[in-house]
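Heads up, the thing below is written out as structure tokens.
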């Protein structure tokens, strides 16, 4: 097949994952690929000339982020325009600490999600303060535990994926993934969560049990004007906003904002939330397995461990029905014949030739892109553009010769 990623460029995909063994050039490849897509317009009949810039978001899912280093620009947990490509390319680095802090502290302390203090009746302030302090301490312990919880990196990344499923404001998302083990756990998450939800919801009495637990927690927060009663109906009344004609000014907001009302959960709400999550999981899983929307680009080097891990990755992707027909082989020692012989270069070329032959045999129906080893670091948009050129044009040492990706000083 064509030894380039040109077909990928014109496939009108929504998600592209770039992954492989650690240290093989995944970040450089994903950044170059994002730059290539961002500089390639897409068809749009409503735009002047029939085309417009493609809106690309590059997301690092690796706990050890390198996007900032690759672009010579600091990125955070929110999309930030890439300098020089502000109209078409943004990047972000998912931070599990931000995810666990926001998810836990908003629900386990006495503050609202917008950060303002809860408004309570004066007579209940002391009691509420005592219980709020207790729950704040519990929240701090849980937050610290969540930060070190196995799989939290994958869960935080998956939370970002869910967010962009619901609000897809970009034409393409490119994921610079963690090394193979992390990535496989991430890709398995929809299937795992679906199975877990099915097992949990099949347990008789689970929803009423959660409802009872929420009432117990609410009652332990103190008697704040009867926000939670003994039945689901009283709980629903506490969480519902009273009508203006039947409530005194400020009374309704106090009840609605009370700790009890935040902890009251009905069995129907449990089932509704579980159903909503399952539907979202199914949507993500459907996108993962749709070759017209999602593709995976494997990155490797021509060495035994990398080739072995790439084959394992390809087999796992097939198990999850995730499309993968592109492999980028980095760091190849490719020299023009006019160059003087080099003992070290010849030794490396001999090793690489053996594994390139295996790659060609294993992946004859893949787009195998062979990228040269460069003497300079690929950093910054200009260097990434030069590197990206050979993702859509096969590199030839005789034709292209020595490649300078960095501008001379």
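Keep in mind that glycine also has a Cβ here, set from the backbone N, Cα and C atoms.
DSSP assigns residue 23 (ATP binding site) to coil in the three-state reduction, outside any helix or strand. Look at Swiss-Prot and you will find 21, 22, 23, 24, 25, 26, 27, 28, 303, 330 tagged as ATP binding site.
For residue 62 (active site), the same-chain residues 6+ apart in sequence whose C-beta sits under 8 angstroms from its C-beta are 26, 27, 176, 177, 178, 179, 182. In three-state terms derived from DSSP, residue 62 (active site) belongs to neither a helical nor a strand segment and is classed as coil. Summarising the annotation, Swiss-Prot assigns active site to 62.
According to Swiss-Prot, the feature Zn(2+) binding site maps to 342, 345, an assignment based on sequence analysis. The number of other CB atoms found within 10 A of the CB of residue 345 (Zn(2+) binding site), across every protein chain shown, is 15.
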Nearest of the binding-site residues (21, 23, 25, 303) to residue 342 (Zn(2+) binding site) - Cα to Cα: 303
Nearest of the binding-site residues (21, 23, 25, 303) to residue 345 (Zn(2+) binding site) - Cα to Cα: 303
DSSP-derived structure type at residue 303 (ATP binding site), helix or strand or else coil: coil
Spatial neighbours, same chain, of residue 303 (ATP binding site) - Cβ under 8 Å, 6+ residues apart: 351, 352, 355
